[in-house]
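Copied over from Swiss-Prot, here are the features:
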type	residues	note
BINDING	634, 635, 636, 637, 638, 639, 640, 641	ATP binding site
């Protein structure tokens with residue numbers, strides 16, 4: 001019965017296929033193999049899309065949608081793009097999260113019976129980009145696979161991640177708890193995520209294009225074996241991945257998919273890195289966002305820490321900088337080695353100094369991505385010429401590094417890495433023309449002298465010019481037609497052109513080839529014989545050149561690992577040189593590390609803000625076991641958030657390996673950096689501003705350790721005054737008593753400044769400001785002790801709030817202050833007994849009136865003795881006395 005059903009189904013399919021033309025049958029077969037992908041079907045000089053693909057491409061790419069004929073009774077909708085411009089259209093599709101299958105003609109139209117043979121040679125997806133035209137120079141593109149592991153009860157117990165930078169061949173694995181997935185994806189920022197049907201729901205929204213793959217691709221045992229085969233090892237023990245489970249399953253699915261899109265092996269994926277959470281300083285999504293490491297809060301690329309630090313001379317260095325900023329190592333050993341290398345670069349002699357080194361680095365090509373294309377056999381001629389020129393420049397670069405490497409072990413390691421693979425430079429020099437064409441099909445790629453057969457064929461083609469000149473001279477003399485011309489075009493080949501008024505002089509052996517409005521074009525037996533010989537030589541030369549070029553690519557494959565080593569060394573050298581340039585230009589210093597708990601920053605500056613203003617006020621920051629929490633008060637716009645962020649950024653920069661913007665800095669161990677700064681709601685997630693604030697606070701309270709650095713800015717402001725005050729008080733107490741972490745706690749709740757009385761490990765500092773006339777001057781200096789007011793009305797006035805509103809607010813503020821003075825001190829500790837307020841005795845005689853100190857000071861001075869400067873100083877003094885009152889002056 002089953003056999004009958006299968007037979008009838010096949011017959012029905014055959015009948016349906018017969019209704020289409022042979023070419024459409026070929027297209028539909030290819031399309032059935034790529035149902036969710038736009039198929040770019042090569043037809044001559046164009047890539048055509050049909051049916052639904054054509055409609056979608058026309059909409060996304062702004063193409064003209066046409067309709068030509070019908071197949072099986074259905075109108076054929078078409079849209080096409082020129083083959084030479086396909087990359088720019090692919091780039092647009094990738095930005096929309098779409099994928100495209102590139103279907104090329106692989107058969108010879110002259111010998112094909114029926115449609116020319118075609119096949120899909122590659123699939124371009126958001127996560128598998130390698131072509132330079134599709135990639136951003138300064139950021140990596142990651143393809144990530146996600147595999148959920150379950151316990152015996154069927155509950156998700158861990159999540160395995162495998163992500164690949166196909167352009168470089170870097171493969172990484174990690175296993176983590178389910179609640180850590182969002183933070184990991186935020187850090188990796190994959191362009192495309194592979195997941196099985198049952199796990200797609202685990203992926204947070206907006207994290208990249210999601211591609212469904214069969215669940216069996218994630219089999220753990222198969223994934224482990226596939227990894228071993230890819231890395232050409234018997235066991236993964238050497239990579240620390242043998243004990244992994246779900247991560248190996250994810251890696252298996254990743255490798256299957258990546259190889260399928262490229263249509264070949266991934267020869268450049270020869271190493272593996274297993275990421276461990278304890279290896280790096282933890283930075284959650286909120287911290288990365290609030291510190292503006294690589295993207296501002298407005299979503300722009302500048303001004304950020306990355307944009308400030310990125311003075312790299314190569315794209316490889318810029319990409320490595322982005323990776324280092326998001327992966328600061330916890331161990332200070334790596335940072336110290338980088339600091340040592342920066343110091344050696346700064347102290348180098350002029351002939352091998354920083355400027356000379358960076359000048360040489362500017363001539364270096366993107367070896368990392370060229371190597372990736374080499375491994376995938378998709379490198380273009382100018383990739384190879386750039387690689388050749390880079391390898392030719394390496395000996396001089398190595399000499400410069402060697403002269404200063406004795407003072408830094410890291411530079412010695414890099415100097416050794418910059419040796420080109422043996423024989424690689426010689427092959428590229430002999431094989432590739434000095435200035436090759438962009439594409440092999442254009443010819444002129446293989447250097448003369450590399451292949452005798454190619455040189456002979458080229459000689460035939462290149463001697464055409466002289467033959468045509470000689471023929472033209474002879475024919476003018478023979479026919480008496482002085483303006484006769486012998487020319488060539490790609491459509492009609494070689495021809496003799498005669499103007500219409502001279503056609504009566506044409507000899508009998510001239511055969512008409514083309515008629516124009518004002519001329520006739522002819523061919524002669526002699527010219528036809530030469531044409532056959534010349535065009536045949538040209539075609540054979542191009543075919544020979546294509547074969548030779550493919551041979552060069554194959555010959556370079558054994559050198560892939562050596563090229564990757566060179567690329568890695570160049571990227572790190574470039575980044576260290578950029579760090580040295582920043583340190584010299586911006587007056588940064590090398591930080592120190594200690595095993596003792598503490599953060600000490602002398603005259604620290606915010607690196608990004610300092611670059612945006614004319615003058616920046618430097619400030620100190622000291623945190624240690626006796627001073628774990630700083631309560632920061634002061635006016636709005638006074639610099640509280642800047643001070644907090646600069647402390648975190650200086651710490652981060654130190655562990656990344658950069659010098660830091662300070663007079664001196666010293667750091668103990670840091671395991672994580674948390675920030676709770678700013679206010680923003682999450683409308684898509686259904687969370688209010690206050691809910692977002694409390695969620696971030698909860699993460700800090702649950703995860704911060706004594707080695708964590710915590711920034712808390714105005715916690716509790718998203719709710720009512722007393723609720724917010726109570727929460728802020730309780731959170732600060734918990735950070736001191738339970739987490740015992742380094743904490744910078746900015747607040748406008750001045751009641752919190754009483755906290756140091758209960759916890760000696762807390763201290764008050766404030767950002768100072770002075771009133772000047774009807775305005776306010778922010779001093780941006782951090783001083784010990786609490787602030788005495790917030791200057792909110794003055795800031796509102798600076799912001800342009802209308803004067804009537806300011807006057808009304810000032811009047812209401814006076815009323816509130818009078819009310820507050822008449823009430824008891826608020827009960828801050830929710831579990832303490834209410835404070836006892838002593839009532840004044842009514843029968844006591846009133847105290848004698850005390851003259852106001854400002855008045856006394858005025859009576860003491862002689863106005864005629866005051867100089868202008870003294871008068872200004874006195875004005876400020878009187879202003880302070882007037883605000884303090886008699887009682888304060890006496891204290």
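Just so you know, glycine gets a Cβ as well, placed from its N, Cα and C.
Overlay of Swiss-Prot annotations on the structure.
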residue	record	Cβ contacts under 8 Å, 6 or more apart
634	ATP binding site	640, 766, 767, 768, 769, 787, 790
635	ATP binding site	767, 769, 776, 778, 787, 789, 790, 791, 792, 794, 795
636	ATP binding site	790, 791, 792, 795
637	ATP binding site	778, 795, 798
638	ATP binding site	767, 768, 769, 778, 780, 791
639	ATP binding site	617, 767, 778, 780, 782
641	ATP binding site	677, 713, 746
Other CB atoms, at most 10 A from the CB of residue 640 (ATP binding site): 26
Output field, ATP shell: CB within 8 Å of site CB centroid, site 634, 635, 636, 637, 638, 639, 640, 641 dropped: 642, 767, 769, 778
Reduced DSSP assignment, residue 640 (ATP binding site): helix
